[in-house]
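For reference, Swiss-Prot has these:
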BINDING   Asn139, Gly243, Thr244, Gly245, Gly246, Thr247, Ser321  pyridoxal 5'-phosphate binding site
MOD_RES   Lys108  N6-(pyridoxal phosphate)lysine
TRANSIT   1-50  transit peptide
Amino acid sequence: MASIINNPFTSLCCNTNKCEPNRICSLRSQQSLVFDNVNRKVGFPSVVCKAVSVQTKSPTEIEGLNIAEDVTQLIGNTPMVYLNTIVKGCVANIAAKLEIMEPCCSVKDRIGFSMISDAEEKGLISPGKTVLVEPTSGNTGIGLAFIAASRGYKLILTMPASMSLERRVILKAFGAELVLTDPAKGMKGAVSKAEEILNNTPDAYILQQFDNPANPKIHYETTGPEIWEDTKGKIDILVAGIGTGGTISGTGRYLKEKNPNIKIIGVEPTESNVLSGGKPGFIPGNLDQDVMDEVIEISSDEAVETAKQLALQEGLLVGISSGAAALAAIQVAKRPENAGKLIAVVFPSFGERYLSSILFQSIREECEKMKPEL
């Protein structure tokens, strides 16, 4: 694992840190990315080393290069790291799955790739013709936007106006068209607007992250196996946010199949605890409630404070949902019955995406008031 963190480009290599001269990259002939140095196989398409020949002006295989064919080849295989300081009082170990290290810094990079690829394989969409439409709170939109940009799709996203400014800027940077909706209506309002755009736009296709089976499927095929292999099957408990239902359902189902005794714990906001009979909302179609053994509610204030402490104590700059997942994992790790167990927790997104949000409000205000020393 250290080799991936310290040398991410050479970690794509077959099994050495330096490719041998005159050696054809073995990744080229495989059906998925293989990381022999960490004994890992992940179900993304194979890497093909290509370049344009100056003489023939046609794609030519180049020997010995460890270069991804395109940005989608960089999705997945995110590292895990133990939490060491914030876990005071815990009797179980907690290892965080750092989805913040995806190409666009969130777990939604996986489903952006999966949903677009799945629709292409089924002949439902094609670049340059289809207009992709999707409601999003931000991160799924970004996961779709960078892939849409790399493949030549026009993308229209609807998003509650309450989402952070950073997300809007990033989406526009990738060329996505952004339509803001009434924040009081939450994601329901964004979904309604997306359906309206779909009905009024020729050749439009809505990806439906909340109901698209390609969402949990990618987690079943990649996230689950990655956690299982990185923990050598020693994982006892998985803690993950509920969100669209994809991460916890797909990952949880895979882990349960490997070991039915693994506990799957979902995390949802106290302010919108639809699974616990709280305020109105909607339960996503992708959520497999049978996979979950327990649901823990975390308030927004608790999530924000925990995210701050992860930066200060662990050096991990994460988003609010990661703070919620971390606190839930810490609560579970303090239970006497979990002594000596291994808890894996998914950190879904990077903190830099929340600079304009309440997460960094006090720091932002402090920085805005700073004056130069003369």
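Cβ coordinates come from backbone N, Cα and C, glycine included.
Within the same chain, the residues at least 6 positions away from Gly243 (pyridoxal 5'-phosphate binding site) whose Cβ sits under 8 Å from its Cβ are Pro284, Ser321, Pro348, listed in sequence order.
Listed binding-site residues near the residue listed as 'N6-(pyridoxal phosphate)lysine': Asn139, Thr247 (candidates Asn139, Gly245, Thr247; Cα-Cα distance within 10 Å). There are 33 other CB atoms within 10 A of the CB of Gly246 (pyridoxal 5'-phosphate binding site), with all protein chains counted.
Listed in chain order, the extra residues whose Cβ falls within 8 Å of the Cβ center of the pyridoxal 5'-phosphate site residues Asn139, Gly243, Thr244, Gly245, Gly246, Thr247, Ser321 are Val107, Lys108, Ile111, Thr140, Asn215, Gly241, Ile242, Ile248, Pro348.
Taking every pair among Asn139, Gly243, Thr244, Gly245, Gly246, Thr247, Ser321, the residues listed as contacting pyridoxal 5'-phosphate, the largest Cα to Cα separation comes to 15 Å.
Other Cβ atoms within 10 Å of the Cβ of Asn139 (pyridoxal 5'-phosphate binding site), summed over all protein chains shown, number 28. Its Cβ placed at the centre, Thr244 (pyridoxal 5'-phosphate binding site) has 25 other Cβ atoms within 10 Å. Over all protein chains present, the Cβ of the residue listed as 'N6-(pyridoxal phosphate)lysine' has 28 other Cβ atoms lying within 10 Å. Within the group of binding-site residues (Thr247, Ser321), the Cβ with the highest number of other Cβ atoms inside 10 Å belongs to Thr247.
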